[in-house]
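Q: The structure is given below, and queries will be raised subsequently.
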Amino acid sequence: MLDNMLSYSGGLVGLIILILDLIVIFEVMNSNREITGKLGWSLLVFFFPVVGLILYFLLSGRSEHNARYEAIV
């Protein structure tokens, strides 16, 4: 039983990373960054999914570039 659960855990982790990558790419495309910044972040996340996610959430300055988002009150 445990072996069966462990065999599917890699697929679940991959699915979670894919979903997070898609969220980051959509967030980058909707930000007010220049096109080179959008392209750079998108390529980083596309070619290095795990490292790109970590770097994006740590270094991207998301609060500065999310002017297009409206606050939900």
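Here the Cβ of each residue, glycine as well, is placed from N, Cα and C on the backbone.
TrEMBL labels come from automatic prediction, so no person has curated them.
OK, TrEMBL features for this one:
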DOMAIN    19-60  domain 'Cardiolipin synthase N-terminal'
TRANSMEM  6-29  transmembrane segment
TRANSMEM  41-59  transmembrane segment
Q: May I ask for the residues of the chain that lie six or more residues beyond the transmembrane segment (6-29) and have a Cβ under 8 Å from a Cβ within it?
A: 38, 41-42, 45-46, 49-50, 52-53, 56, 62, 66
Q: Could you tell me the mean pLDDT the prediction assigns to the domain 'Cardiolipin synthase N-terminal' (19-60)?
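A: So the average pLDDT across the domain 'Cardiolipin synthase N-terminal' (19-60) works out to 91.
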Q: Against which stretches of its own chain does the transmembrane segment (41-59) lie, if we need a Cβ under 8 Å and a gap of at least six residues from its ends?
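A: Residues packing against the transmembrane segment (41-59) from afar: 17-18, 20-21, 24-25, 28-29, 33.
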Q: For the domain 'Cardiolipin synthase N-terminal' (19-60), how many residues does DSSP put in helix, in strand and in coil?
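A: Tallying H, G and I as helix, E and B as strand, the rest coil: 36 helix, 0 strand, 6 coil.
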